[in-house]
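Swiss-Prot annotations:
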{"type": "BINDING", "residues": "64, 93", "note": "heme b binding site"}
{"type": "DOMAIN", "residues": "3-147", "note": "domain 'Globin'"}
């Protein structure tokens, strides 16, 4: 079990309260698909992903990015039970979608970049450390069924 300090919890929940899930989720997923183009193979049904412009303008990328970040919000609400919170999603991504678990880490790193860009003043080194810890815990929870 992961131990969260009161300060870490406050930094995470405080910033999360300011996040526009639709915008940040869309940006994070779009960046994943652009920066790591091999991840596009999991989104073949999304249509045109042929260029950064196409990806950024793709409504399915935007909708799924919102869905992903909404799920991430479940981690913020359940900091003390992230492993169980993501048990079903881990199973889905492992057994049905066959997503490489390394992609969870990549998306977490991209989320850090998006948050830093959107919340420059609030995203202090302490805040970044708390969020880095969170994205690692979420990535580990999502990869759990792979072990």
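Heads up, the Cβ atoms here are built off N, Cα and C, so glycines get one too.
Because the structure is a prediction, the values reported are computed rather than measured.
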**Request:** State the three-class DSSP label for residue 64 (heme b binding site), counting H, G and I as helix, E and B as strand, and everything else as coil.
**Result:** helix
**Request:** Summarise the domain 'Globin' (3-147) by DSSP state, stating how many residues are helix, strand and coil.
**Result:** 115 helix, 0 strand, 30 coil
**Prompt:** Just how many other Cβ atoms lie inside 10 Å of the Cβ on residue 64 (heme b binding site)?
**Reply:** 16
